[in-house]
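First the structure, in the form of structure tokens, and then the observations on it.
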Amino acid sequence: MDKKIAVIGTGNMGKAIIQGLVSHSNDSLNSITASTRTDQEAQNIQEEFGINVFTNNQLAAKNSDIIILAVKPYLLEEVITEIIPIISQHTLIISIAAGFTIGQAEELLGGNQPFIRAMPNLAAQVGESMTGIVENSSCSDTDINDAIIIFNAIGRTEMVTEDLLHAVIGVSGSSPTLVFMLIQAMADSGVANGLTREQSLKLATQMVKGCATYLEQSDTHPEKLKDNVCTPGGTSIQMVLEAEKQNYRHTIQSAIQAGIDKSKELSK
């Protein structure tokens, strides 16, 4: 992708995107720039990734083909207003902030500016994010393809409509918290039964990782895989029965729905 890309904001997600871009770049790193808040942060990012980093958003974004806004939602309006004077009508703007809609962006940028919302998750930091992407009507096929390339550099992508982005946030954007809670709970059970904390976390983490990989590669419904594990009179079916007694599935579904509802609330 022969495009100049600017990343505004170098928090955890901004740095993950930069890492993905640098790792997958076939071009000079001069095609990637970033902006951050302080001179020290700029120096740290520049030394870590070998790209040009500024403390001025306009300088970072100037002449860029694609600008990725990796800032908190409450800063988006300020940042967009700041960069409007130096972008062209063909510059693709990508936001990764929850709750900031295409409509809100178009009020600031105008309806003819290519704009994409992307919702990656924490696993972007290890190149394993699942990112939902939605474009506005001003995006060309090239704009969409460029966004897919960018976020495939930190994991995988799925195109959705904006009304479904709330569900994406619930199912993959915010749900890593539930996975970490599951791993922690499993590890606690291991410790309660004599394993060390280190052993328990290692066992639980690898189990979750292995199951996800197996599910992805097997092309088999998870319900079928669950049944395959449950031998008659064994430990697995006993765990399933206890989990169902405690409304395990409903609890997970309720937690995800709460996240979806909160996302909708933030978008109003």
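In case you wondered, yes, glycine gets a Cβ from its N, Cα and C as well.
Here TrEMBL flags Ile8, Gly9, Thr10, Gly11, Asn12, Met13, Thr36, Ala70, Val71, Lys72, Pro73 as NADP(+) binding site. In this view, Ile8 (NADP(+) binding site) is surrounded by 28 other Cβ atoms within 10 Å of its Cβ, with every protein chain counted.
Cβ neighbours within 10 Å of Asn57 (NADPH binding site), excluding its own Cβ and spanning all shown chains: 22. Residues or ranges marked as NADPH binding site in TrEMBL: Asn57.
Residues or ranges marked as domain 'Pyrroline-5-carboxylate reductase catalytic N-terminal' in TrEMBL: 4-99. Averaged over the domain 'Pyrroline-5-carboxylate reductase catalytic N-terminal' (4-99), the predicted model has a pLDDT of 93.
The domain 'Pyrroline-5-carboxylate reductase dimerisation' annotation in TrEMBL covers 162-266.
Helix, strand and coil counts from DSSP across the domain 'Pyrroline-5-carboxylate reductase catalytic N-terminal' (4-99) read 46 helix, 19 strand, 31 coil. The DSSP breakdown of the domain 'Pyrroline-5-carboxylate reductase dimerisation' (162-266) into helical (H, G, I), extended (E, B) and coil residues amounts to 89 helix, 0 strand, 16 coil. Non-local neighbourhood of Thr10 (NADP(+) binding site): Ile18, Ala34, Ser35, Thr36, Glu41, Ile45, Val53, Ala70, each in the same chain, at least six residues away, with C-beta under 8 Å from its C-beta. Each of the binding-site residues Asn12, Thr36 was ranked by the number of other C-beta atoms within 10 Å, and first place falls to Thr36. For the pair Asn57 (NADPH binding site) and Asn12 (NADP(+) binding site), the C-alpha distance works out to 18 angstrom.
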